[in-house]
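Feature annotation from Swiss-Prot assigns [4Fe-4S] cluster binding site to 3, 6, 15, 21. Annotation source Swiss-Prot lists hybrid [4Fe-2O-2S] cluster binding site at 240, 264, 308, 402, 430, 455, 490, 492. What Swiss-Prot records for 402 is cysteine persulfide, and it gives sequence analysis as the kind of evidence.
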């Protein structure tokens, strides 16, 4: 195997025996083969689209397939084998549709023809079509950067789809981009442009999801979230999918089961539509990577809706209480099927299971505050502007992104602690867990940590920056008193980064390490054109951002 799509890749170079994430070489290979087949399917859908034919089946298949290959989403080899077999059938159906239209493609790429139902042969083929099949280091780097951006975009598109919101231009771009990675005629300059265009569509995807979430559940509002526990048995829901938590809250109401959020599901508490549920108790635990201890003490049922699943240790006592749904999977964990059109997912098995469990053990108590998405911050605009003009707020620090296991990520806690009292942190994503429980105080009633929500809610931070640019009458968003010190981990962070670059944001500091998939030449392009930089020591970076 060879995989270097996440920040924790082995030795900062690539995983070759087993993923640091826990995925096996077999699963890594099946993911590579699925990606290869989806590139072939995309060749067919892009050809059909030119004839005015849109395949909703293919659109959904590709989005689902991309999401399944995101870091920490799916570790179940049987699910990938099934998906690969579905790809064969879908490919055949699309070819038949083209033939019906009188179009006969030259099937020179065996991504359009290769087929085997034998897992051993799938594994052999995967070695031929994996990342290292592209020999030129810079071309490979740009193709993977584009691919990871598309994977992150697919996650946001899927969440919007689950709420009934679609934009066919996003499907078209994702498929065009997958085809671009197969073209031998594209130069480094060509692929660089594809990467920047990916950022443009990333903004569209985040805007679509923001519209889907806020149209369905209302605009997030300032909310204090309980981090203690109740007395009833509970279900802990992790991941990002708000439609899943809607279904779960509706089905658990009146059952005597409490619902808690975990990790990136914390921002569900900020939406007005969910506040009516009295059994929606609070948030339990910390960031995704601490789940192996958090889940032990939760005592109840755990539901994964999206990525951020960590394989349980062999000694884990909670493994028989974990369920997956959507893109997620792990061998031995029961999987809840997708909802049928107009229906809901059936969580009755989880509810009955939870009734037999003990209530959660309290591991902390108190409250954390969040809900500072764009509309809520716009309502505070006068207060914020006055604080900036008076000097009460000297600078904003965008510290959005992901958390992870590496010890070096303690940098972000120390950075937040050492920031002067006249600065404010703008955050989104699970990076917040490094500092959202610190007593950092307020500035004139404005909390010094403004949490906009999930990783996709980085869109809110962009909207806030653009609004401030407008209010202050500036020509360039980079003239604002905002610094960007972003932590990344997986592919959704990649699309957020590309979106920021598309919007013209410069001098972003990215840590705790720069991506292994950036070749020296590609990294130089990002440094020279956008001022991308890594992180140093906290004191060095503090001086860099604020001066002596």
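Yeah, the Cβs are placed from backbone N, Cα and C, and that goes for glycine too.
Recorded features from Swiss-Prot, shown on the structure.
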residue	record	DSSP class
3	[4Fe-4S] cluster binding site	strand
15	[4Fe-4S] cluster binding site	strand
21	[4Fe-4S] cluster binding site	coil
240	hybrid [4Fe-2O-2S] cluster binding site	coil
264	hybrid [4Fe-2O-2S] cluster binding site	helix
308	hybrid [4Fe-2O-2S] cluster binding site	coil
455	hybrid [4Fe-2O-2S] cluster binding site	helix
490	hybrid [4Fe-2O-2S] cluster binding site	coil
Which ones, of the binding-site residues 3, 6, 15, 21, have a Cα no more than 10 Å from the Cα of residue 490 (hybrid [4Fe-2O-2S] cluster binding site)?
6
According to DSSP, which kind of secondary structure is residue 430 (hybrid [4Fe-2O-2S] cluster binding site) found in, if we only use helix, strand and coil?
helix
How many whole Å apart are the CA atoms of residue 3 ([4Fe-4S] cluster binding site) and residue 492 (hybrid [4Fe-2O-2S] cluster binding site)?
16
Can you tell which of the binding-site residues (3, 21) has the fewest other C-beta atoms within 10 angstroms of its C-beta?
21
Looking only at C-alpha atoms, tell me how far residue 402 (hybrid [4Fe-2O-2S] cluster binding site) is from residue 15 ([4Fe-4S] cluster binding site), rounded to the nearest Å.
20
Coarse DSSP state, helix versus strand versus coil, of residue 402 (hybrid [4Fe-2O-2S] cluster binding site):
coil
Please name which of the binding-site residues listed here, 6, 15, 21, is nearest in space to residue 492 (hybrid [4Fe-2O-2S] cluster binding site), Cα against Cα.
6
Going by C-alpha distance, which of the binding-site residues 6, 15, 21 is nearest to residue 455 (hybrid [4Fe-2O-2S] cluster binding site)?
6
For the recorded hybrid [4Fe-2O-2S] cluster site, enumerate neighbouring residues of the same chain (Cβ within 8 Å of the Cβ centroid of 240, 264, 308, 402, 430, 455, 490, 492, site residues themselves excluded), in sequence order.
263, 288, 306, 307, 429, 454, 489, 493
